[in-house]
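Database features (TrEMBL):
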type: DOMAIN; residues: B:84-337; note: domain 'Phosphofructokinase'
type: BINDING; residues: B:Gly92; note: diphosphate binding site
type: BINDING; residues: B:Asp186; note: Mg(2+) binding site
type: SITE; residues: B:Asp187; note: site 'Important for catalytic activity and substrate specificity'
type: SITE; residues: B:Lys213; note: site 'Important for catalytic activity'
type: BINDING; residues: B:Thr214, B:Ile215, B:Asp216, B:Lys253, B:Tyr254, B:Met261, B:Gly262, B:Arg263, B:Glu322, B:Tyr427, B:Glu428, B:Gly429, B:Arg430; note: substrate binding site
type: ACT_SITE; residues: B:Asp216; note: active site, proton acceptor
Number of protein chains: 2
Amino acid sequence: MAAMNNPSPGRLASVYSEVQTSRLHHALQLPSVLSSQFSLVDRPPSSATGNPDEIAKLFPNLFGQPSAALVPAKEAAVEGKPLKVGVVLSGGQAPGGHNVICGIFDFLQHWAKGSTMYGFKGGPAGVMKCKYVELNTDFVYPYRNQGGFDMICSGRDKIETPEQFKQAEDTANKLELDGLVVIGGDDSNTNACLIAEYFRSKNLKTRVIGCPKTIDGDLKCKEVPTSFGFDTACKIYSEMIGNVMTDARSSGKYYHFVRLMGRAASHITLECALQTHPNIALIGEEVAEKKQTLKNVTDYMTDIVCKRAELGYNYGVILIPEGLIDFVPEVQKLIAELNEILAHDTVDEAGVWKNKLEPESKKLFEFLPPSIQEQLLLERDSHGNVQVAKIETEKMLITMVETELEKRKAEGKYKGTFIGQSHFFGYEGRCGLPTNFDASYCYALGYGAGALLQSGKTGLISSVGNLAAPVSEWTVGGTALTSLMDVERRHGKFKPVIKKAMVELDGAPFKKFVSVRDEWGLKNRYISPGPIQFIGSGADGINHTLILELGVQA
Amino acid sequence: MAAMNNPSPGRLASVYSEVQTSRLHHALQLPSVLSSQFSLVDRPPSSATGNPDEIAKLFPNLFGQPSAALVPAKEAAVEGKPLKVGVVLSGGQAPGGHNVICGIFDFLQHWAKGSTMYGFKGGPAGVMKCKYVELNTDFVYPYRNQGGFDMICSGRDKIETPEQFKQAEDTANKLELDGLVVIGGDDSNTNACLIAEYFRSKNLKTRVIGCPKTIDGDLKCKEVPTSFGFDTACKIYSEMIGNVMTDARSSGKYYHFVRLMGRAASHITLECALQTHPNIALIGEEVAEKKQTLKNVTDYMTDIVCKRAELGYNYGVILIPEGLIDFVPEVQKLIAELNEILAHDTVDEAGVWKNKLEPESKKLFEFLPPSIQEQLLLERDSHGNVQVAKIETEKMLITMVETELEKRKAEGKYKGTFIGQSHFFGYEGRCGLPTNFDASYCYALGYGAGALLQSGKTGLISSVGNLAAPVSEWTVGGTALTSLMDVERRHGKFKPVIKKAMVELDGAPFKKFVSVRDEWGLKNRYISPGPIQFIGSGADGINHTLILELGVQA
């Protein structure tokens with residue numbers, strides 16, 4: 001397919017708000033190591049997070065390669081000859097993605113004059129189909145410090161089959177790519193490493209560098225302290241939560257159940273809790289670790305509602321990660337049994353079919369609100385499986401707490417009033433204007449990725465550290481993607497995976513939360529972070545999770 | 001009941017975010033007429049918005065009184081002796097309420113030293129039950145420029161019966177009130193005027209002044225250009241809408257249906273549309289004026305979806321006022337018939353009952369998605385009436401557009417894909433930190449209310465004008481509440497009402513919208529206003545509705 005130079009006018013035709021325009025003019029500072037001559041220093045050889053022998057077999061060319069750090073140098077380590085570099089966005093949107101691209105672009109403009117940069121359109125499919133736009137100064141400019149992924153858009157395809165790897169190879173050859181930067185989450189970075197290995201095995205000159213993206217915050221390790229977008233998304237959600245808290249306290253009559261993004265890990269819920277001090281925040285990892293049942297979770301919430309009613313508070317705010325019920329072991333068991341039963345039997349009106357469930361599963365099923373029971377039985381995906389993801393957890397929990405409260409009221413144990421209001425904050429946070437932190441972090445990630453490519457590196461993920469310090473003191477380098485990997489057994493084969501970083505129950509953010517949550521439960525310690533500010537007070541603050549994990553005093 | 005001096009620690013025990021703290025320190029500028037000696041000038045005698053003879057009968061003491069304007073004076077017009085003033089918040093929260101209270105407080109501190117101020121707790125019920133807190137500097141301080149109504153909270157009670165007026169009189173006498181400020185919407189200001197009339201008829205010294213509050217923006221007239229809270233709420237919703245738009249454009253696969261607050265009028269939807277440029281925004285007043293049916297509305301939306309699909313856009317953003325279906329005449333008719341039928345007949349499974357509906361109503365009922373049909377039949381309020389307010393309009397419209405698209409697809413007229421995502425932005429906007437505009441506007445409203453009370457005025461609504469100019473040039477005065485009134489016939493009696501200000505189809509904001517909506521429908525002219533900024537670019541801008549209504553060039 002032919003090059004599509006600026007096929008749509010992109011944002012050039014857009015009208016910008018005053019704030020968007022002011023962000024366009026916001027000057028980005030670089031870590032000082034990137035603002036003058038630098039060279040790369042290799043660290044010791046790396047291993048893998050788990051099963052290094054299997055990882056070594058899967059990545060014969062890349063396994064064991066060292067991570068690299070940029071250090072100041074007297075003169076350029078490599079000749080600044082022009083490069084041809086492609087970039088691709090993979091997976092869901094996260095604030096700051098455009099700045100990663102701007103970082104790569106500016107690096108090439110400054111350190112490799114005459115370079116060409118291609119943006120693959122619509123995610124990895126763009127790489128496979130060689131569908132791209134050539135990026136130039138005019139095209140890139142309107143996206144600086146702006147939210148969204150619409151400069152080149154994203155996609156959820158993966159480069160997996162031998163044919164698809166061949167297509168990627170053809171594209172790399174056709175465009176004579178020196179490098180490809182893959183901006184994505186855990187899966188996309190695993191994929192980036194497989195492509196790097198493949199290109200190396202084919203003796204292609206094309207290097208591949210990953211960048212850590214996901215608002216969920218579950219792609220991180222020692223050298224990659226956070227994924228971009230998490231900071232902005234949590235601050236947007238926290239603004240809304242803070243507003244709802246003030247509303248709850250003002251009207252005094254609602255319990256707001258707020259579901260937040262984060263299916264696999266509960267980092268967003270934990271961070272928003274640390275920012276806003278809700279009465280209750282449920283953390284999936286804790287529910288799983290303690291093998292809690294839905295009844296346990298309901299009782300925990302209901303106990304707090306009852307104690308608050310005694311204190312005269314018939315209102316509150318409760319945060320819930322969207323993946324909560326995936327963490328409840330008994331729910332997993334029920335779902336598995338339901339899938340089995342529904343595949344072979346019919347569901348009779350009288351409910352005789354329920355006797356096919358194991359006793360505990362039957363008990364759980366009957367504990368669920370009727371609307372959820374119905375949803376489990378009726379809404380099936382294309383494989384006929386129950387669709388857990390479609391359950392509106394916040395509404396389910398409202399009904400369950402309501403039912404438990406009615407029981408207690410009948411027993412004379414509760415005299416309050418309870419009105420639940422449900423919220424889901426999701427799409428609102430994925431495409432906001434990046435915070436100053438995400439704007440700078442992404443720019444450094446992209447600029448650093450350019451430096452890694454120029455130095456001939458492949459199979460690394462761009463890593464920027466020392467993030468609690470001023471931007472000028474941030475460290476820049478690359479971490480071997482293989483060092484983040486473990487294997488999973490799928491269809492009788494080992495498959496490499498970057499394990500999602502879960503909320504650690506012995507980590508500083510969760511421990512901080514545990515130390516204060518009882519107080520938050522009964523007393524009203526609500527904080528309203530307010531809208532993200534780009535200048536003035538609070539504009540340069542970073543999120544609590546990062547501060548606590550870095551061990552810096554808040 | 002005894003005075004409750006600071007019964008709860010209020011916000012003194014609160015932890016503030018950096019932004020909250022910076023807002024606490026934000027210095028509020030006053031209109032210049034309020035910052036030095038002023039006197040009051042009466043305007044000509046007033047009449048009423050409608051049925052002046054009836055209004056004159058209902059308000060024999062107040063009807064016809066002039067509005068008043070503050071003008072600079074060489075020396076104080078009235079002696080600054082100490083006053084006793086009460087304040088009450090009435091109805092739903094709106095950003096800026098605390099600043100109205102701060103404005104009254106500061107006025108008394110400065111111009112009537114030694115005054116006492118009481119905050120009635122929990123709305124008008126606090127007046128009737130004489131439940132109050134004495135406001136002092138320490139108590140008031142933490143609420144400056146903060147969102148919410150939690151300083152004294154609000155309530156939805158009305159002072160209506162003779163006994164209730166007597167209770168209010170007792171409170172006024174007991175506390176020796178010189179004045180009472182009622183902060184509320186159209187109903188509450190009508191109520192304020194009735195209390196003013198009652199107090200005057202009883203020869204009480206207590207004057208009553210209203211303040212225009214509602215995020216819905218439907219309390220306004222020539223002299224009261226806007227109600228407070230509208231500016232902030234619309235900007236919060238527009239931030240979220242802008243983010244969702246960027247997400248829609250980035251992922252390219254969702255139609256976001258966003259329901260916004262505004263049951264009686266569609267000002268919020270119109271303002272958010274002017275701020276963000278959605279593909280579709282439905283305005284209830286237009287639907288009513290054109291006597292559109294739900295089928296018309298569905299076809300209008302579906303046509304745009306189809307045209308966009310032909311242009312390659314299978315995504316979009318649609319704004320919907322929460323009161324939309326109240327504006328559809330045929331729905332009103334159906335509801336009335338349903339209420340009648342459901343009160344007397346049983347609903348048979350086979351649907352024979354439907355024959356009792358008029359033919360058009362039956363057709364409409366069958367046009368509605370099954371889930372909505374069910375909701376109409378099952379969810380009834382305590383009077384047995386169908387609960388239109390509970391219908392999630394955005395979900396209903398998604399289903400209706402889906403159904404119409406399937407039909408067109410079957411006919412070969414549509415080849416796109418359609419996935420609807422529903423949102424409701426409501427509670428998030430009522431308690432945000434007030435914008436610079438709302439903060440200053442509320443402070444001036446409160447300060448001005450103090451000046452009106454000191455000058456012995458009653459039955460006026462505090463009015464601040466010339467709002468497109470810098471704060472120093474704003475005008476300050478009071479408008480006769482009776483001049484805003486008309487009567488409605490209820491239970492065989494005339495009842496005074498301040499008619500809600502609807503979106504005027506020949507008004508500048510709607511005409512502006514009409515002139516651009518076709519372009520917005522097909523082309524993507526999305527604007528992302530971003531988070532409200534308190535300093536820097538865009539921090540001092542006022543909303544489009546106000547700019548257009550004031551006739552100022554944007």
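All positions are counted from 1 along the displayed chain.
Here the Cβ of each residue, glycine as well, is placed from N, Cα and C on the backbone.
Those TrEMBL annotations? Automatic predictions, nothing curated.
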Binding-site residues in contact range of chain A, given that the Cβ distance is under 8 Å, out of B:Asp186, B:Gly262, B:Glu428, B:Arg430:
B:Glu428, B:Arg430
Find, for the listed recorded positions B:Lys213, B:Arg430, the residue with the lowest Cβ contact count at a 10 Å cut-off, counting only other Cβ atoms.
B:Arg430
Cα-Cα distance linking the residue listed as 'Mg(2+) binding site' and B:Lys213 (site 'Important for catalytic activity'), given in Å to the nearest integer:
8
Spatial neighbours of B:Asp186 (Mg(2+) binding site) among the binding-site residues B:Gly92, B:Thr214, B:Gly262, B:Glu322, B:Arg430, defined as Cα within 10 A: which are they?
B:Thr214
Compute all pairwise C-alpha distances among B:Thr214, B:Ile215, B:Asp216, B:Lys253, B:Tyr254, B:Met261, B:Gly262, B:Arg263, B:Glu322, B:Tyr427, B:Glu428, B:Gly429, B:Arg430, the residues listed as binding substrate, and give the largest one in whole angstrom.
36
Number of Cβ atoms other than its own within 10 Å, given for B:Tyr254 (substrate binding site):
18
Show which residues of the chain containing B:Thr214 (substrate binding site), separated from it by at least 6 in sequence, have their CB under 8 Å from its CB.
B:Gly91, B:Gly92, B:Ala94, B:Gly184, B:Gly185, B:Asp186, B:Ser227, B:Gly229, B:Phe230
Which state, by DSSP, holds B:Glu428 (substrate binding site): helix, strand or coil?
helix
Can you tell me how many other Cβ atoms are located within 10 Å of the Cβ belonging to B:Gly92 (diphosphate binding site)?
22
Averaged pLDDT, computed only over the residues in the domain 'Phosphofructokinase' (B:84-337):
97
Cα-to-Cα gap, B:Arg430 (substrate binding site) vs B:Asp187 (site 'Important for catalytic activity and substrate specificity'), nearest whole Å:
18
Which three-state DSSP class does B:Thr214 (substrate binding site) fall into?
coil
Work out how many Å separate B:Asp216 (substrate binding site) and B:Asp187 (site 'Important for catalytic activity and substrate specificity') at their Cα atoms, rounded off.
13
How big is the Cα-to-Cα gap, in Å, between B:Tyr254 (substrate binding site) and B:Asp187 (site 'Important for catalytic activity and substrate specificity')?
40
Fewest-neighbour residue among recorded positions, criterion Cβ within 10 Å, set B:Asp186, B:Asp187, B:Glu322:
B:Asp187
Could you find out if DSSP has B:Tyr254 (substrate binding site) as helix, strand or coil?
coil
Using CB atoms and a 10 A radius, I'd like the single residue among the binding-site residues B:Asp216, B:Glu428 with the highest neighbour count.
B:Asp216
